[in-house]
Amino acid sequence: MKRSTILGIGSYLPKKIVTNDELALTVETSDEWIVKRTGIKQRHIAENNEMTSDMAANAARLALTDACVHKDDIGLIIVATTTPDRTFPSCATIVQDKLECKNAFAFDIQAVCSGFVYAISIADNFIKSGQVNTALVIGAEIMSRILDWQDRSTCVLFGDGAGAVVLGNNSEKDSGIISTILHSDGAFCDLLYTTGGTAYNGHAGTICMNGTIVFEHAIEKLSASILEILDQNDLEINDVDWFVLHQANIRIIELVARRLKIPYEKMVVSVNWHGNTSAASIPLALSYAKSSGKLKKHDIAILAAIGGGFTWGTCLVRI
């Protein structure tokens with residue numbers, strides 16, 4: 001059976017860094033308050049002339065180099081983003097042009113913080129069906145442009161960045177994307193949303209969130225979806241080498257680990273240094289895990305994310 005495997009990983013963070021102390025100069029907060037509640041110490045912010053497609057292309061180039069794959073071999077580009085350059089054309093087609101991937105078709109996927117897991121699942125199925133052999137899956141966000149910088153409940157949480165993986169066709173039984181599970185429930189759409197929209201009022205708007213309730217749902221749904229994918233594949237917690245959760249808040253990661261009795265050293269944590277980058281957070285965490293020597297060939301990892309909608313999902317992969 002055909003199976004897609006991760007051939008390469010790349011990431012990009014803007015040069016500009018905003019620390020908690022710098023935020024405290026403009027909004028009522030402190031480094032101690034932010035770190036205690038979120039674990040976040042800093043976030044990267046895109047320059048005014050930097051677009052989501054720029055960051056996506058930068059991460060994709062590094063992923064292609066890591067995979068030793070030529071741009072002409074890419075058959076599909078999916079960009080998971082909530083903050084595209086424009087309403088249309090898609091960010092993915094702009095990235096396609098920047099990368100000169102002439103043989104690919106490209107489109108965006110919007111599932112907010114779950115976007116990368118959704119995109120991985122879609123690309124995996126294109127490869128399994130034989131429609132493409134190699135795909136670029138990118139998560140890229142400029143969340144700083146949809147923040148109310150006077151709202152300390154949200155502006156301290158988010159950052160900008162991009163991460164990418166190259167997926168390729170692989171018939172090896174012991175590697176690749178083993179399975180994915182996706183969920184959504186629109187009944188919760190008013191708990192995490194933006195105040196704007198193209199049809200709604202013609203403006204991008206800013207993020208609004210019922211933090212306490214979202215926090216509770218995140219722990220519950222991430223925990224349940226991890227157990228679901230383990231059960232589907234007859235695996236136990238101890239069979240998994242790494243748990244790569246959406247990097248929204250270190251307390252969510254800690255509480256999921258505690259609830260499922262996952263040894264904390266198996267949790268990949270990078271939120272401290274880039275904040276919540278929405279669809280970019282999981283590929284950024286994967287890139288960190290690989291570059292730091294944690295993630296190795298044949299390791300089993302679970303990717304798990306939850307985002308506005310609500311949308312949530314998991315991916316079981318052997319590297």
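Glycine is treated like the rest: Cβ placed from N, Cα and C.
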Can you dig out which of the ranges 197-201, 247-251, 277-281, 297-301 Swiss-Prot describes as region 'ACP-binding'?
247-251
Distance between Asn276 (active site) and His246 (active site) at the Cα atoms, whole Å?
8
For the region 'ACP-binding' (247-251), how many residues does DSSP put in helix, in strand and in coil?
2 helix, 0 strand, 3 coil
Using a 10 angstroms cut-off on Cβ to Cβ distances, just flag whichever of Cys113, His246, Asn276 is the loneliest among these active-site residues.
Asn276
Reduce the DSSP letter at His246 (active site) to three states and note it down.
coil
